[in-house]
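Only one structure is covered here, and it is reproduced in the block below.
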Amino acid sequence: MQAVPVTLLASAWIMRPDDANFAGNVHGGIILKMIEEAGAIISTRHCNSQDGEPCVAALARVERTDFLSPVCIGEVANVSAEITYTSRHSVEVQVNVMSENILTGAKKVTNKATLWYVPLSLKNVNKVVEVPPIQYARKEQEEEGKKRYEEQKLDRLETKQRNGDVIFPIINPEPHTVGYSQSSLIHLVGPSDCTLLGFVHGGVTMKLMDEVAGIVAARHCKTNIVTASVDAINFHEKIKKGSVITISGRMTFTSNKSMEIEVFVDADPFVDEARERYRAVSAFFTYVSLSKEGKPLPVPQLLTETEDEKRRFEEGKGRYLQTKAKRQAQLQQAALQ
């Protein structure tokens, strides 16, 4: 007997002190983890809604995510997820986060995210099973979804091809240089980090990446910092239980009020000794500096020293200007409606 496909999901979390920084703002990594959990649940439910091999949805990519407003301790984060497109072997999920002050009833949208999942067989983790199709209200919705699918597929391929960089420690770096704020975190992957298949949850990885990016930003500014946005996070390869992962971050660009930080995750699969260390995940995080009153502060300019640092700075500047132009175009379009 076939189950009825589930394309909508809603859940809620109350934010606790250990979810936040010293200023009371919930860490961006906590929000990203909640978003990913909602996406994984709805994708796995949908992919098991018809007769076939049992499977678990694995995160392949997170599109650019903007943190529109901070979530604070004591507020409730209401997370809603909806499947908006399916290809033969992938699922697109749209997730929205709304914070709620349960004392006053005030609500505000804090995050909107798009995630892509692929269903992996429980019998063979290297086998991607077919995804049950969804019904579209309009033909245009399917065509738009297919266009997004092709775009993210191409971007993932391009990102993987330029993923050869390694961060090396710098001796006695000067303040506000790349070497001064670069940071790394080493984590042993345990059972609580993993899915039923024995591979790391995407949300766990994103939370660790946000922690490292936050350390880089705090070292550079010496102030309270919060996550402003995350560019596309690409999950290139699965990370197995028992692996040791190194999460590395370095600053690539600064504007007057924001910082771009490149973060990547390398895995050492000690359980599988035949395999060498490999690049598993990569992304760019954007942070802003805040005063004690929560007001934006100027960001100290990044001092680039090497040709590679100067090249990465210009690439980051290009991404910054492109995002700024896109946001202005969206505001102009909204004003005309």
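Using N, Cα and C of the backbone, Cβ positions are placed for all residues, glycine too.
According to TrEMBL, the domain 'HotDog ACOT-type' annotation covers 5-123 (among others).
Taking a C-beta cut-off of under 8 angstroms and a sequence separation of 6 or more, ASN21 (active site) has the following same-chain neighbours: HIS27, GLY214, ASN224, VAL226. Per TrEMBL, active site is recorded for ASN21 (among others).
Taking H, G and I as helix, E and B as strand and the rest as coil, DSSP gives the domain 'HotDog ACOT-type' (179-293) the counts 26 helix, 54 strand, 35 coil. Taken from TrEMBL, the feature domain 'HotDog ACOT-type' applies to 179-293 (among others).
Sequence-distant contacts of ASP210 (active site), defined by Cβ-Cβ distance under 8 angstroms and a gap of at least six in the same chain, are HIS27, GLY28, GLY29, LEU32, THR227, VAL230, PHE285. The active site annotation in TrEMBL covers ASP210 (among others).
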**Asked** For the domain 'HotDog ACOT-type' (5-123), what does DSSP give as the number of helix, strand and coil residues?
**Response** 23 helix, 58 strand, 38 coil
**Asked** Which value does the mean pLDDT take for the domain 'HotDog ACOT-type' (179-293) in this predicted structure?
**Response** 93
